[in-house]
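Per Swiss-Prot, the features are as follows:
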{"type": "CARBOHYD", "residues": "ASN40", "note": "N-linked glycosylation site"}
{"type": "CARBOHYD", "residues": "ASN53", "note": "N-linked glycosylation site"}
{"type": "CARBOHYD", "residues": "ASN82", "note": "N-linked glycosylation site"}
{"type": "CARBOHYD", "residues": "ASN327", "note": "N-linked glycosylation site"}
{"type": "CARBOHYD", "residues": "ASN384", "note": "N-linked glycosylation site"}
{"type": "CARBOHYD", "residues": "ASN432", "note": "N-linked glycosylation site"}
{"type": "BINDING", "residues": "LEU518, GLY519, GLN520, GLY521, GLY522, PHE523, GLY524, ALA525, VAL526, LYS540", "note": "ATP binding site"}
{"type": "MOD_RES", "residues": "THR545", "note": "phosphothreonine"}
{"type": "REGION", "residues": "601-618", "note": "region 'CaM-binding'"}
{"type": "MOD_RES", "residues": "THR671", "note": "phosphothreonine"}
{"type": "MOD_RES", "residues": "THR825", "note": "phosphothreonine"}
{"type": "MOD_RES", "residues": "THR828", "note": "phosphothreonine"}
Amino acid sequence: MGCLLILLLTLICFSLRLCLATDVITFSSEFRDSETVVSNHSTFRFGFFSPVNSTGRYAGIWFNNIPVQTVVWVANSNSPINDSSGMVSISKEGNLVVMDGRGQVHWSTNVLVPVAANTFYARLLNTGNLVLLGTTNTGDEILWESFEHPQNIYLPTMSLATDTKTGRSLKLRSWKSPFDPSPGRYSAGLIPLPFPELVVWKDDLLMWRSGPWNGQYFIGLPNMDYRINLFELTLSSDNRGSVSMSYAGNTLLYHFLLDSEGSVFQRDWNVAIQEWKTWLKVPSTKCDTYATCGQFASCRFNPGSTPPCMCIRGFKPQSYAEWNNGNWTQGCVRKAPLQCESRDNNDGSRKSDGFVRVQKMKVPHNPQRSGANEQDCPESCLKNCSCTAYSFDRGIGCLLWSGNLMDMQEFSGTGVVFYIRLADSEFKKRTNRSIVITVTLLVGAFLFAGTVVLALWKIAKHREKNRNTRLLNERMEALSSNDVGAILVNQYKLKELPLFEFQVLAVATNNFSITNKLGQGGFGAVYKGRLQEGLDIAVKRLSRTSGQGVEEFVNEVVVISKLQHRNLVRLLGFCIEGEERMLVYEFMPENCLDAYLFDPVKQRLLDWKTRFNIIDGICRGLMYLHRDSRLKIIHRDLKASNILLDENLNPKISDFGLARIFQGNEDEVSTVRVVGTYGYMAPEYAMGGLFSEKSDVFSLGVILLEIVSGRRNSSFYNDGQNPNLSAYAWKLWNTGEDIALVDPVIFEECFENEIRRCVHVGLLCVQDHANDRPSVATVIWMLSSENSNLPEPKQPAFIPRRGTSEVESSGQSDPRASINNVSLTKITGR
C-alpha cells in the first residue's frame, strides 16, 4: 500500500510540474485554436495561425516577439483545418497530434513507443525545436523533434545532413507559395561527394551550387567566407558519403530562408527599423543559376552588359547562331585538340599541353581530389589525358577536373585561381604575335636614340624598386620572428589577396585627381575609383612622408584581409610598386560617420532609428573583432572618422593600421609608445601604454555619446569646466539633466527611454577603471534589453591634456591632438 501511495504521489508531482510549465503539452493539457505554448525564454511560440490570404488554420511555430509574424515550422502543412476547432494534444498512443473538432487527425508525430502514454509530453525549446519526450526509468528520452523534419527555415543549432549509406537526408523544403505552407518544388541541402557542397534543387534539377567546402567556407560563392563567418558554421564529413552542417548565430533570430521561388536568404532582425534585414541572397543573378553558359564558358554578371557568357580562352561557341541569339546553353568547344588527344602526334616529339590562368572564379562542377601538393598539382593533371583543368585550395588541396567544365562564373571580388588545359598550339599563336610586336618595338627604338637615356633611368628606378621590395621582405621576415607576427604571416598570405598594378589604380582614380579625392588622413589621401569592370573602389594612397611604415602597411593588409564581417570594411587588394603603397577597399558611398554626425545639415538625415542602427552595427563589428573571429583583434583607433557608411547608412569599421592581434592566452598588451587619437583613448592606455578589449570599449563609449549628442568629443577643447564630452555627460547625469545631452534633431518622447539607456551605457563604457567597463557582448545586451536594470556608472576618466609628442595617431580628426608614428609592442600574459 505504501509503495502504491509513493507511486501515486510521484505521478501527481510530475503532472503538476508539467501543467505549470507554459512550454509543455501533456496527455491531459492539450491546447485549442485560441491558445498557445511559449518557449521558456519567450523566443518562440507554438499555436494556430492562418497565412496571409488564407482561411486555413495551421499549427506552427513562429518568432514570439517579432511584430511581423514569421513562421519557422508547420505541423499540418499538407492538411489545413477549415475552421477554428483545431487542437493539439498527446494521443493515447503517445504521439503529438493535430486534430479538428470532429476528432480527425490532420498531423501526427507517428512514432512507435514502448511505454505508457501518460509518461509522454511535448516541449517547445528555446531554440525553436519542438520535441516529444518519453519518461522512462533512466530519465527523459527524445522520441521525435521538429529539427529532424526541417521545412523552409534553417535556425541556429539545426543541422542539414545527408548520409548516402543510410538514406538519411535533412534538407530545407520551400513552401508552395507565400500563402501555402505545403511543400513546394524547391529544396536545399548538402551533397557529400566528391566534396561537401550546398545546393538548391527544383524538383530533381540542380539550380544552384555553392562550390566545395574547404574547411572554413564554400569557395564557389563570392564573399562566402565573410557571410558564413557570421554564423560560426561547422561542417563535418567522413568523405564516404556522410556530411552534416550546423551553425550558431549571435542570436536565435538569425536564420536562412528558402522561399517559394527557390532563393536562399540569410536574414536577421533589425531592432532599429523593426524589419527583417537580408544580408545574403542566392541565387541573386542570372549567372548564379547552374550552367547558364553551358560547357567551357564563363558567366560574368554586369548590369547592362551583354552577353554575360564568354567562351574561355582557347574555346569557341559550339553554335554561333544560337550564341548570337542569346542561347548559351550549348556552350563552347575547343579550337584545337589537346596534344594527348591528337592522332597526329604519336612519334614522341609532340609538345606538352599547357595551362591558362584565370582568376576570381567559381570553380566548375564535379571536381576530383588529388593527393598532389601545390607544386605537383599541374603535373598530376598533365599525366592524365582526360584532365581538363586544375586548381589548388589550401583547405582542400589539389583539385582536378575531367571532361566538360560546367557552371563557371567570374567574380569581380574574391574567387579561386583556376588553370585550364590548352593545346600547345594555342600558346604558339600568342608567341608568334609577341615576336612581331617585339620586332616592331625594337625598330622603333632604333629610330629614337633618346630612349637609351630613358632606359638607363628606368634601370636606376628598377634598382630602387628592388631595394624597396627587399625591404618589404625583410620586414615580413622580422614580423615573422614575433610570435604574433608568425601567426599573421603563416595564416594570412599576402599573395592570397589581389595585387593591383599602379597603372590600373591610376586609371581607376583618373590619375588620383583632386575631384576623385574623398578625404585626407594622417597616413595619406583616399580616392574614389572605378575599375574597368565597373566596380567602385576606395584607394588609400599612403603618403611617402607618412609615418606608417612597412610593418603597419603589412599589418593592415594581413589583419583585415580575413576578418570579414558585414560591419567591417572589406579589403579588395593592395599595391606595392616602387615607393607606392596603396590599399584598395570596397567603396562606401556615404563617406564616414563624422561627416554626417557633426555637419549641421547632414546630421538631420540621421534620425534616432538610424543612429541606433549605427550604434548596433558598430557594436556587432567590434564584437566580431573581440570574440567571434578566429583571432582576437584590438582596434586601438576606434573613432567616428573610422566608421564608414554604406548606401543604406549601415556602419563599417575601417582603418586597421594600428590594430593588434592577441593570442589565446593574452588579454592585455603593453606598448612603449602610445598610438591613437586623443579623446578616444582609455586612461590606462594613454597613461601607461596598456591596452585590451576594454580599451576599445572606452572608445566605443565616446562614440556612443557623440552619436547621441551630435557633438564632437574635441569640441570641449577650450571649455574650462568640461575637459571633454564624457565629463559633460557625467555632470548632466549627476544632476538628472542627462536628456539635455541629446541632439535636438533626434529627440522624440517615444524614444526617450531608449536614448537615456544609450547615455547610461555610454557612461558605463567610459569609466576610469577598465575592470568596471562592460564587454562589448554586455553592451549589446544592455542596449537591447529594455527591462533590465543597469548598474550605476562610476566617474569617467578625465585625462589631462597632453602634447602631440606624447600621444600619436593614425588619423587627423583633431590636428591639435594627433600625429603619426610606429608602435612597438610586447605581450603581457594573463
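Just so it is clear, glycine is given a Cβ too, placed from its N, Cα and C backbone atoms.
Structure with Swiss-Prot features highlighted.
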residue: ASN40; record: N-linked glycosylation site; contacts (Cβ under 8 Å, 6+ apart): THR22, ASP23, LEU125, ASN126
residue: ASN53; record: N-linked glycosylation site; contacts (Cβ under 8 Å, 6+ apart): PHE179
residue: ASN82; record: N-linked glycosylation site; contacts (Cβ under 8 Å, 6+ apart): THR55, GLY56, ARG57, ASP100
residue: ASN327; record: N-linked glycosylation site; contacts (Cβ under 8 Å, 6+ apart): none
residue: ASN384; record: N-linked glycosylation site; contacts (Cβ under 8 Å, 6+ apart): LEU400, SER402
residue: LEU518; record: ATP binding site; contacts (Cβ under 8 Å, 6+ apart): ALA525, VAL526, TYR527, LYS528, ALA538, ASN591
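Ranking the binding-site residues GLN520, GLY524, VAL526 by how many other Cβ atoms lie within 10 angstroms of each Cβ puts GLN520 at the bottom.
Along the region 'CaM-binding' (601-618), the predicted structure has mean pLDDT 90. The DSSP breakdown of the region 'CaM-binding' (601-618), given as helix, strand and coil counts, is 15 helix, 0 strand, 3 coil.
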